[in-house]
Amino acid sequence: MSFEGARLSMRSRRNGTLGSTRTLYSSVSRSTDVSYSESDLVNFIQANFKKRECVFFTRDSKAMESICKCGYAQSQHIEGTQINQNEKWNYKKHTKEFPTDAFGDIQFETLGKKGKYLRLSCDTDSETLYELLTQHWHLKTPNLVISVTGGAKNFALKPRMRKIFSRLIYIAQSKGAWILTGGTHYGLMKYIGEVVRDNTISRNSEENIVAIGIAAWGMVSNRDTLIRNCDDEGHFSAQYIMDDFMRDPLYILDNNHTHLLLVDNGCHGHPTVEAKLRNQLEKYISERTSQDSNYGGKIPIVCFAQGGGRETLKAINTSVKSKIPCVVVEGSGQIADVIASLVEVEDVLTSSMVKEKLVRFLPRTVSRLPEEEIESWIKWLKEILESPHLLTVIKMEEAGDEVVSSAISYALYKAFSTNEQDKDNWNGQLKLLLEWNQLDLASDEIFTNDRRWESADLQEVMFTALIKDRPKFVRLFLENGLNLQKFLTNEVLTELFSTHFSTLVYRNLQIAKNSYNDALLTFVWKLVANFRRSFWKEDRSSREDLDVELHDASLTTRHPLQALFIWAILQNKKELSKVIWEQTKGCTLAALGASKLLKTLAKVKNDINAAGESEELANEYETRAVELFTECYSSDEDLAEQLLVYSCEAWGGSNCLELAVEATDQHFIAQPGVQNFLSKQWYGEISRDTKNWKIILCLFIIPLVGCGLVSFRKKPIDKHKKLLWYYVAFFTSPFVVFSWNVVFYIAFLLLFAYVLLMDFHSVPHTPELILYALVFVLFCDEVRQWYMNGVNYFTDLWNVMDTLGLFYFIAGIVFRLHSSNKSSLYSGRVIFCLDYIIFTLRLIHIFTVSRNLGPKIIMLQRMLIDVFFFLFLFAVWMVAFGVARQGILRQNEQRWRWIFRSVIYEPYLAMFGQVPSDVDSTTYDFSHCTFSGNESKPLCVELDEYNLPRFPEWITIPLVCIYMLSTNILLVNLLVAMFGYTVGIVQENNDQVWKFQRYFLVQEYCNRLNIPFPFVVFAYFYMVVKKCFKCCCKEKNTESSACCFRNEDNETLAWEGVMKENYLVKINTKANDNAEEMRHRFRQLDTKLNDLKGLLKEIANKIK
């Protein structure tokens, strides 16, 4: 039966008790902390590892020369060897153990490859050998052992088989596995070594692949070079020669294996000597208990077989008897195909049936075997097939990247689940499938209807699924009873944020926090730092970090789901974060918070690819927020609007609107539901149906407010105070406040212009004093905004203009009031005039309220940035031309003013068409210049001996032409193209851009005091006095945070949870519909192809 067929035919297991393992399975094994010196290694090897020498010479009657049955000549035996006649040779009787003399490092000549090797007796204890590998050769404890067998002779490797081997090596590298092979440079072992080499080079991994070759010492060619000299007591490096042209039956060692174990039984030229020791080592490792293993506390081992003959068959037989699962590659030929074909037989297996398969797949081999040997083969095959659960077959033609790993994991699972000791260890089985990411097996075989899982049973595997980024398993555990709220204890979160949190991410987060310094980034950084502070306490060099703690330590315990979501988001765990997001409360807020974090981190990441991934994930969460809010708004507008202003301390105390704006999520802000909410804020209690001209008219004729000209969204409760309520509702509307401010500002500009043009005297008159008072009110308002916004105040261009205008005005007052001389008075007036420009340009801000003019302001702002970069390019041409022109025409001009005019000013004017007239000698006018340089004229050009201009016209005129061509045509058109691109970008998102900018205007006037200018100054004085009083009395705010605990919040979040489920159902339905549509299209295409094929056949028949 094939791998897929066997997998589908497995029956569900009955319930059992969960075993427990102390630690989680890790793909990176732990190596011993004990370090050994070279002398300790030599002493250990010489004390525990032996070689075998034949001590009885038994002549081989079949040999032509005087050769012992051990394979060595008599001269090659040690001194004192006894001579026997016609006695059957046995290594236990006729050989003796001596301390090994071949071990150390092996250097393959001309290839530069190094590895370790050891000659050891075939009776070496497996425990001692394992100790050598792990503690003295410092190999990490394997998480998996893959024993590869088959095809010991040279053969042409098929491309499909090479791909399978490549995937096998990748699995070994990623899982921290050992690969065991025959270790020679022939057949399968040679190809395995080449794939190991290619993967090591291409992946450039710090974790080297461990490939252990176990070969027979007596079959190794050039083995004399491996023997140490008698005086070599320490480190020894053998220079091994790989002679591929040798024709003797001996093998050369493979240069791509990292470790070589050369098994010695005292004979020469006898193959398969190493099989016994290899089988014992595999069995020992498979039975060895490891704390890091997911295989019931044991190290998993699997036999991987392809092709092969007698020895491969024996190796598979031995593995099956040792309860080691085997993966057989069907299509690789020989014994592997025999086993694959017999696995699929459902009838009773008979000897004739087995022999038929042998003859079919190994005709030449079977024809040369005696009948007794064939019976042995049949017996071994029957023994193998008595344990079909230990056999997994994959087809070579269908073996893709995932098939090999799935086959290995499936083989391990079948062996584990059918083992008498482990078949009820559901926890161990689940860990195994989790490690290999086999979700389907876990769903079909473990999470069945006949077993009920407790939340505590799944907590350990849930933690593993989180750190290994297994989102599908996380979802599976949640669907089967895991309580995420109970699972996320403070200890679990501390482990996640400290041990399983990237240091690079933490540094980027700290950089972002310092660069942008907003509430969310500060909160998240403190959250992470709070979990990591135990590690910082060990670093005394950074004591300032010890003070980084959350003000409320219980915050993370109140919002563990949000903390876990932040952990996943910061590390770009895309699918995992989506699973966790579905479990959180306040999903809309969480999605916008994720978008904000990811976009901010993307700005500080040096890796372009990582930054792009963060941007992509941020856009996905913005889309989720948009779609979920649309779902909510279509169901209930009022509750959806409550979601917009719902804030949570887990997201820095920000609400949805604030996070969306900070993340520049224009798509979210442009949603109809959000815009309707902003419109309600903008008009306040005034009905949106009221025409704007009616509101403006009521500003000038106030009694009309109570005459019904303006309609309101609701009626006053107290009818006796109806008129008062109308006036209060009208004048507290942000739109009315805005309109009144516009009227006031226009009046202010008119007064400013009147003072500058008609009433500016040495002693200020009444209009000018009123102007000072109005500017003081504006100054108070800017101080209030700065106090409320803090550092973020200067991130707004309009605030920068306001500040600049006020400072200019103060400077103008200083000069203007210092009127002891006319020069100072004039300077003050000039400053006032320049300041008037700033105040007038500030009027542009009011146009953002217009749907048509608002985007145009954005275009102007972005085009100013284009002009800024354009000036850098233009400056290159301008300075190059200006300096060259001045140097050619004039000599030693000392006046900086005229140098500036000639080098900068005149070339700048040339861009607008004013051609320089001093580059043509025929039109040069000496009356407009000076030779002495002491007049208010430019310096005349240098003259020659004939009193004619010295400069060569064949240089100056072409120079002007080239400059005019470059600036007036190339650069100006480049600027026009830049403007066109900028306008196009804004125009594409015209509506979104305006709606996004509208938010700032609405919030600005919603946060203002609802008192008309300039009377608001009295409210400012009141606020200052109140603040001073609080500071003097040292009043403290004792209100505790009620975040997420108010009834209205709980009701809103519960309703949002229902809407979220509806939204997820729609997404999944849409995805299924798309998949079904694709399948339908493929079926239609297949039908058309079949019809076309039939038509072509008919045409071919007609032609014939």
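Heads up, residue numbers simply count up from 1 along the chain you see.
The backbone N, Cα and C atoms fix where each Cβ goes, glycine too.
Remember, predicted model here, so these are calculated numbers, not experimental data.
Around Gln785 (Ca(2+) binding site), the same-chain residues six or more apart in sequence whose CB sits under 8 Å from its CB are Tyr793, Asn799, listed in sequence order. Residues or ranges marked as Ca(2+) binding site by Swiss-Prot on the basis of similarity to another entry: Glu782, Gln785, Asn799, Asp802.
Taken from Swiss-Prot, the feature coiled coil covers 1067-1104.
According to Swiss-Prot, the intramembrane segment annotation covers 896-912, on the basis of similarity to another entry.
Marked as topological domain 'Cytoplasmic' by Swiss-Prot: 1-733 (among others). Taken together, the residues in the topological domain 'Cytoplasmic' (1-733) have a mean pLDDT of 82 on the 0 to 100 scale.
Annotated topological domain 'Extracellular' per Swiss-Prot: 759-765 (among others), in sequence order.
Annotation comment: Swiss-Prot describes 790-796 (among others) as topological domain 'Cytoplasmic', evidence class a curator's inference. Cβ atoms under 8 Å from those of the topological domain 'Cytoplasmic' (790-796) belong to residues 517-518, 803, 1000 of the same chain, restricted to positions at least 6 beyond its ends.
Annotation comment: Swiss-Prot describes 818-822 (among others) as topological domain 'Extracellular', evidence class a curator's inference.
Taken from Swiss-Prot, the feature topological domain 'Cytoplasmic' covers 849-853 (among others). Using a Cβ-Cβ cut-off under 8 Å and counting only residues 6 or more beyond its ends in the same chain, the topological domain 'Cytoplasmic' (849-853) has close neighbours at 738, 994, 998, 1001.
What Swiss-Prot lists as topological domain 'Extracellular' is 891-895 (among others).
Marked as topological domain 'Extracellular' by Swiss-Prot on the basis of a curator's inference: 913-953 (among others).
According to Swiss-Prot, the topological domain 'Cytoplasmic' annotation covers 985-1104 (among others).
The transmembrane segment feature in Swiss-Prot is assigned to 734-758 (among others).
Annotated transmembrane segment per Swiss-Prot: 766-789 (among others), in sequence order. Within the chain carrying the transmembrane segment (766-789), a Cβ under 8 angstroms from the stretch's Cβ atoms is held by residues 748, 751-752, 754-755, 759-760, 799, 802-803, 806, 809, 813, 1007-1008, 1013-1014, 1016-1017, 1020, 1023, all 6 or more beyond its ends.
Taken from Swiss-Prot, the feature transmembrane segment applies to 797-817 (among others), supported by similarity to another entry.
Under the heading transmembrane segment, Swiss-Prot lists 823-848 (among others), citing similarity to another entry as support.
Counting residues 6+ beyond its ends, the transmembrane segment (854-890) has Cβ neighbours under 8 Å at 797, 844-845, 847-848, 899, 902-904, 906-908, 911, 916, 918-919, 938-942, 951-952, 955-956, 959-960, 963, 966-967, 971, 974-975, 978-979, 982-983, 985-987, 990, 993-994, 997-998 in the same chain. Per Swiss-Prot, the feature transmembrane segment maps to 854-890 (among others).
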Position of peak Cβ density within 10 Å, selected from the binding-site residues Glu782, Asp802: Asp802
Chain residues in Cβ proximity to the topological domain 'Extracellular' (759-765) (below 8 Å; excluding those fewer than six residues from its ends, i.e. six or more beyond): 772, 816-817, 819, 825, 829, 832
Output field, Ca(2+) shell: CB within 8 Å of site CB centroid, site Glu782, Gln785, Asn799, Asp802 dropped: Asp781, Trp786, Tyr793, Asp796, Trp798, Thr803
Residue distribution over DSSP helix, strand and coil in the topological domain 'Cytoplasmic' (849-853): 1 helix, 0 strand, 4 coil
